[in-house]
């Protein structure tokens, strides 16, 4: 059987239009089929089907050549990386005129991309956003099934953004996407590292492996004059700065030795009305007021300013954040006739719960009532830690279901309960709507109710099915706001 070098296939793609497929059911005569390795189902199993449907070339690993039949095998070590190379040629994404800014980290990605979008729109730019809530650019918007799209979909989106005259793109880059090479073939003008706290350890072996997945955004996607910024207020950001000396740091602590350039921030005041911050970078000092609350949002604002200064903006441009009202499902206030302080937030990790509950605690609410749960078929080790965070910072803990998926909600709740040992008051109710109703009945003026875990989501996954469910809609229905 004749083999074909990858370079030759790339030359063929440059000369003529050949469809690239990763799903054998979509194969057309003369196309390229890339057999992606998988954790549950391996793409190599579908090579015979792709060949029978007319695939001309099969990108595969050495041990899969025997299945290629009449198709020409392209043997590679990493089919996922190769897919990105081919997609870059097919969609011409190597010649994009718009800069792409990638944001990675456990928490803060969505808020940072929204803040960047708001800032650059205020400057008159046509912006694109790819992230947890939506994929959107001028003339297009759709709900996001994945934080970071699959490789072919991502290249197709970027190509369309270019056609639609998008001028700058802000992209959330998840650890899954980095591990699975979904962003292969993409050149980033700038990258941001926010933080790293426990999450996704059902996927990554441990925190070290989780960190190395995130760090790939800094190491494996080189581009000319790449801007790299990272928080120095957490150990993982400082570790990253040791590995990448060019990083520009930001934080509220004194400048660490790992970085030569550092955006230093101070919180001058924090209240229910918002934040008053002071920043200094090199010889410049400026202040900023915003309706956003919480230290975590102050950190998000530092990240945005750190990279924006490198993209040519000036401190006076940041005054637009005085009118920034927030992100859907991120400490989102539910306005109601009873004037109760009710918030919905996406917090679904121990650290995210600590951040949002601390923000509410710091602005002086009398009591904090928290409705929360843990997702099924996800990192079980974080469940008691989430309970511990809620017990420490809430007056009433209402434990319920999140997206139970294929686990028994009662068993998920049982995993959380050890962390709630020191809670002042515990209510358990697996039915999420009933749990929210019980929590609302407990709220008095001066209290804060936080409904955590689902944020912007409009479905609840039970088993393999997704059912319509929105925390915001449920709250409004209970309060008669609809």
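Just so it is clear, glycine is given a Cβ too, placed from its N, Cα and C backbone atoms.
Keep in mind that what you see is a predicted model, and the values were worked out from it rather than measured.
Segment annotation: Swiss-Prot labels motif 'Meso-diaminopimelate recognition motif' over residues 402-405 (candidates 398-401, 402-405, 406-409). Taking the mean position of the Cβ atoms of 105, 106, 107, 108, 109, 110, 111 as the ATP site, the remaining same-chain residues with a Cβ inside 8 Å of that point are 103, 112, 172, 194, 195, 300. Note on the motif 'Meso-diaminopimelate recognition motif' (402-405): its mean pLDDT in the predicted model is 97. The two recorded residues, residue 111 (ATP binding site) and residue 403 (meso-2,6-diaminopimelate binding site), show a Cα separation of 22 Å. A count of other CB atoms within 10 A of each Cβ picks out 109 as the most crowded of the binding-site residues 109, 378, 405. Under DSSP, residues within the motif 'Meso-diaminopimelate recognition motif' (402-405) fall into helix, strand and coil as 0 helix, 1 strand, 3 coil.
Nearest in space to residue 106 (ATP binding site), taking C-alpha to C-alpha distance over the binding-site residues 378, 403, 457, is 378.
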